[in-house]
Amino acid sequence: MDFILNYALFFFKIFTLFALILTIFLIIVNVARHKSKKKYELDIVSLNSYYEHVKNKIILSTMSTYEKKIWNKSNKLFKKTRSKINMTFLKKNKYYLNQNNPILYVLDFKGNVSASEVTSLREEISAIILAAKENDEVLLRLESGGGVIHGYGLASSQLSRLREKNIRLTVSVDKIAASGGYMMACVANYIIAAPFSVIGSIGVVAQIPNFNKLLKKNNVDMELHTSGLYKRTLTVFGENTKEAREKFCKDLNFTHVLFKEFVHSMRPSLNIDEVSTGEHWFGTTALEKKLIDKIETSDDFIISR
């Protein structure tokens, strides 16, 4: 009897372990499949339909019950008639593509320190380049306080692809485009910004804590071995030298020069030495300094189109 009970308990343990492993495996497969699908999917929303819906809701909210009935009836009749006209037109013009109505593609970029949204931005831009017709435009609603230069450098390069294909790019800044964020914004053919948005901060910053004295105080040795004179300049735990600090600052200044040259190449009318001090300004002052082209929100820009 004990043998049967022990065997049943052993079998139950094996079954539980197998079920647990299978569950974990299925979760991993499901997540991987979801990521794979997500990588190649773009959500496309018609802003025309959205604003039309909002407008109709506001109109209806101001009407009496009788007025709503009349409006709904006439609106249904209009849609039905328009649908018939469109179907007749398409039947007669099977291969016709409407080239006369330019499209405004609206993209969003909400940047973090690593500019991780560049992954989706590159796919969106590739899709637009493949589909865009003559006179189509792109609006990028940008919000970023900057971050690592290689991340924002790549994001700026992605936006440059639109300019190279002669697709007009407008960047709108409703809140902030500073440092790496402005590196992206300056690529645009036209920059608009809200009055109190934060613009500029064309500079480079780096700060590193050093715990070497604390380690020495507690009798902790720290060894750092490198191959190459400047493989490591400033460190967190090692002892930093004067030469290392000078090299670090030299690299920092060189990066700033590259940043300035890039911004100036995109906006030649800027007094680059005046605006590249690392300062930031509100939208109204940024307009005076030619960092932007117009005071306007993204909402006004979209509705005007």
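Placement of Cβ uses the backbone N, Cα and C atoms for every residue, glycine included.
All protein chains shown were included, and the count of other CB atoms within 10 Å of the CB of Ser179 (active site, nucleophile) stands at 24. Under the heading active site, nucleophile, Swiss-Prot lists Ser179.
Lys231 (active site, proton donor/acceptor) has a Cβ environment of 9 other Cβ atoms inside 10 Å. Marked as active site, proton donor/acceptor by Swiss-Prot: Lys231.
Look at Swiss-Prot and you will find 9-29 (among others) tagged as transmembrane segment, backed by sequence analysis.
Here Swiss-Prot flags 185-205 (among others) as transmembrane segment, drawing on sequence analysis. Through the fold, the transmembrane segment (185-205) approaches residues 140, 142, 145-146, 149, 156, 159-160, 163, 168-179, 252, 255-256, 259-260, 262-263, 266-267, 275-284, 286-287, 289, 291-298, 301 of its own chain, all at least 6 residues removed from its boundaries and within a Cβ separation under 8 Å.
In this structure, the CA atom of Ser179 (active site, nucleophile) is 27 Å away from the CA atom of Lys231 (active site, proton donor/acceptor).
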